[in-house]
Amino acid sequence: MRALLLLSLSALLCWVSADIRCHSCYKLPVLGCVDRKSCRLEPGQQCLTTHAYIGKMWVFSRLDCGTPGEPCKPAVNQTNQKGGLTYNTTCCSQDNCNSPAPRPTPALTLVFLTSLAGLGLWLLH
């Protein structure tokens, strides 16, 4: 009886943990999450969030599901010598635990794109 109860509990835990989802996108300044998707975690994997910085200035973030080929490995201030970027990676294993920030307002995106267009015209002048 005890073995049957243990087997049932194990099956229930596997069923519940098999449906954990993570956010997947590249998060950029002003634009927010680009190409926003949802991915399902494979057994034994975790959601990941990697923030990239130049000095103390945030450049971008990557949110995704860890995979057997690229598992989530927590790291603080890991520096890429080639690009000079510093990476901080965090891992979590709850449903949608790597939640992205809310989508930017259309007005803010319009201001950014208008400024970018103005800069482009100024450089061409």
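Any Cβ shown, glycine's included, is placed from N, Cα and C.
In three-state terms derived from DSSP, C47 (disulfide bond) belongs to an extended strand segment. Sequence-distant contacts of C47 (disulfide bond), defined as residues of its own chain at least six apart whose C-beta falls under 8 angstroms from its C-beta, comprise I20, C22, H23, L41, L63, D64, C65, G66, C72, C91, C92, S93, Q94, N96, C97, N98. Taken from Swiss-Prot, the feature disulfide bond applies to C22-C47 (among others).
Sequence annotations record features per position, and here Swiss-Prot assigns disulfide bond to C25-C33 (among others) based on similarity to another entry. In this view, C25 (disulfide bond) is surrounded by 18 other Cβ atoms within 10 Å of its Cβ, with every protein chain counted.
Neighbours of C65 (disulfide bond), defined as other CB atoms within 10 A of its CB across all chains, total 22. Here Swiss-Prot flags C39-C65 (among others) as disulfide bond.
Under the DSSP three-state reduction, C92 (disulfide bond) is assigned to strand. Feature annotation from Swiss-Prot assigns disulfide bond to C92-C97 (among others).
Taken from Swiss-Prot, the feature domain 'UPAR/Ly6' applies to 20-111.
Feature annotation from Swiss-Prot assigns N-linked glycosylation site to N88.
Annotation note: S99 (GPI-anchor amidated serine) sits in a coil segment as assigned by DSSP. Around S99 (GPI-anchor amidated serine), a 10 Å sphere centred on its CB holds 13 further CB atoms from the protein chains shown. Annotation source Swiss-Prot lists GPI-anchor amidated serine at S99.
Residues or ranges marked as signal peptide in Swiss-Prot: 1-18.
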*Among the recorded positions listed here (C39, N88, S99), which has the Cα closest to the Cα of C33 (disulfide bond)?*
S99
*Cα of C39 (disulfide bond) to Cα of C25 (disulfide bond): how many Å, rounded?*
10
*Most Cβ neighbours inside 10 Å, all chains, among the disulfide-bonded residues C22, C33, C39, C92*: C22
